[in-house]
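Copied over from Swiss-Prot:
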{"type": "DOMAIN", "residues": "1-59", "note": "domain 'TGS'"}
{"type": "REGION", "residues": "240-531", "note": "region 'Catalytic'"}
{"type": "BINDING", "residues": "Cys331, His382, His508", "note": "Zn(2+) binding site"}
Amino acid sequence: MPIITLPDGTKKIFEQVVSVEQVAKSMGLVKAALAGEVDGELVSTSFLIKTDANLTIITANDDQGLEIIRHSTAHLLAQATQMLYPDAQVTIGPVIDNGFYYDFAYKNGFLEGDLIKIEKNMHKLVKQNLKIEKFEMSRDETLQFFKDKGEYYKVKIIESISTDQILSLYKQGDFIDLCRGPHVPSTAKLKNFKLMKLAGAYWRGDSSNEMLQRVYGTAWGNEQDLKVYLHKLEEVARRDHRKIGKTQDLFHIQEETPGMVFWHAKGWILYQLVEQYMRGIFRDNGYQEVHTPQLIDKSLWEKSGHWDKFGDVMFTTTSGDRDYAVKPMNCPAHIQIYNQGLKSYRNLPLRLAEFGSCHRNEPSGTLHGIMRVRNFVQDDGHIFCTPEQIQDEVSTFIDLTFNVYKYFGFEKINIKLSTRPKKRVGSDEVWDKSEIALVEALNAKNIVWELQEGEGAFYGPKIEFILKDCLDRQWQCGTLQVDFSMPKRLGAQFIDENSVKKTPVILHRAIMGSLERFLGILIEHYEGAYPCWLSPIQAVIINISEKHAKFIVDIVKKLKKQGLRVISDLRNEKVSFKIREHSLQRYPYILVVGDREMEKGQVSVRQRGGKDLGAMSVGTFIKKVNQETLLKNQIK
């Protein structure tokens, strides 16, 4: 006679063994039930409860329910695929953010058109309302089962499992797959999905293994959520920085230099605007800007510990009998500057900053426009300080970071604090001081932050700053990392007030992280419609006829002299054609000059979006732009 306790404390008494589905039916939830959580363990609705237990019915409204839907849909994908392509071997199909994927080994290869066929077949299976049943077999029985089916990859997975294990499998129709589960009770629960794309993937993620084909999909608990997600993807595609970068002639990347950016003139203006703003931030907040070499002898990277941890992503070269690495980060070089001359405690905190160009040999499959590259510039800074100075420095940096993000239009910031891992260097006393300093600095700001216990680096705790863009996508940009290890490894010292040599703490800090990535985020956040102060071109001036050309040339000179970023279009084309063309470039202003404007020494001003501001003098227009522009006269 099991007594079932529900989340609200209600108790249900049953005369005999009862399934999760039967309990759900007694609650009027049988149609919504996808699975159950019995005493903290997720189980299928067919699971039998034999003794008293705590039970939560899992539905599509729960995060766990959504994950079960997605995992079950991955299996639906595998079933539908093998029905159409019997030679396709199944491998794995996990849940990922917003969806799932399944990897297949198929020598003929899938085409984009095949996804349409597979998706149609999946919908057919949904309509058939196939019951999804769990059963168990011994490891050896399961191994033989998949050997008989000729499923090479499933065999490989099972061979890695100890022989005494009992394995769970799920059956829907004629399709059987290895899985821990749980799954939804029937395919009818899997109505709201879409297959998204094909990609390549190595078996077990190892590039030395064979390449498989990965099919990505998304699945949701209801049709509306699916529509909202697909609409968001359309928004993302429309804002894709790669597309906008090409349309606005900002940058390109080519085959001969994968992961390295060719900045075009307008893109370089945008880059410089951001860099020069950050240079002012450095200057106004007590940082000394430095510059360090690109090539550094391998021996320094060995001393710093980077060779062991990052050697596989370093670009290297040999000259004579010496091995060099192109720097993947700037910190060891900054310590070399610090080490030039003995420092006193009176010199601390010492803040060094650099727009450091770094190279990392990232896998080609991870490269993505200017968001993920092999050559990037960091707004990198290192603060050399005492343990007692950590809190004040962290507090100042938090304010600085929030101000920078707000300046560029990002108001939603999440913060995560990662604390000591099991394997670490430094005494517990130093870790205590550092973590307390970070916690107190965060709490003093009265901001919400998330604790990630044990997620810090081996050399110190860290704070991560994650900004949200206009689509609520999260981007981890800023970091502040406490480091007890590297200054000691590289011999950084200072003389304390008692004339004793001590090792400083280093605070590694960056606000944007990679300038390239931050610019990609900006491009997508604004969809190429930058505020006037950030726009590479603030205005384009067009003539109605050829006789207005000289007047426009003089206006351009005058505007540029005042620090405005302007261009002219004097082509012998219709005004409407030129306005339409430049509107697509999303410049803040289009200025039109005809007979009336030339006679009065004015320009007719159209604001981005088509709003007509009427005619005004050149001086009035300059004042208007200067009022909007926070970075005027930076680039001329």
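Heads up, the Cβ atoms here are built off N, Cα and C, so glycines get one too.
Per DSSP, the secondary structure of the domain 'TGS' (1-59) breaks down as 7 helix, 23 strand, 29 coil. Sorted by the number of other CB atoms within 10 A, the binding-site residues His382, His508 start with His508, the lowest. What surrounds the Zn(2+) site, by Cβ distance within 8 Å of the Cβ centroid and not counting Cys331, His382, His508, is the set Met329, Asn330, His334, Ile335, Asp380, Gly381, Gln481, Asp483, Met486, Ile506, Leu507, Arg509 from the same chain. Regional average pLDDT for the domain 'TGS' (1-59) in the model is 91.
Around Cys331 (Zn(2+) binding site), the same-chain residues at least 6 positions away in sequence with a Cβ under 8 Å from its Cβ are Ser304, Asp380, His382, Asp483, Met486, Ile506, His508.
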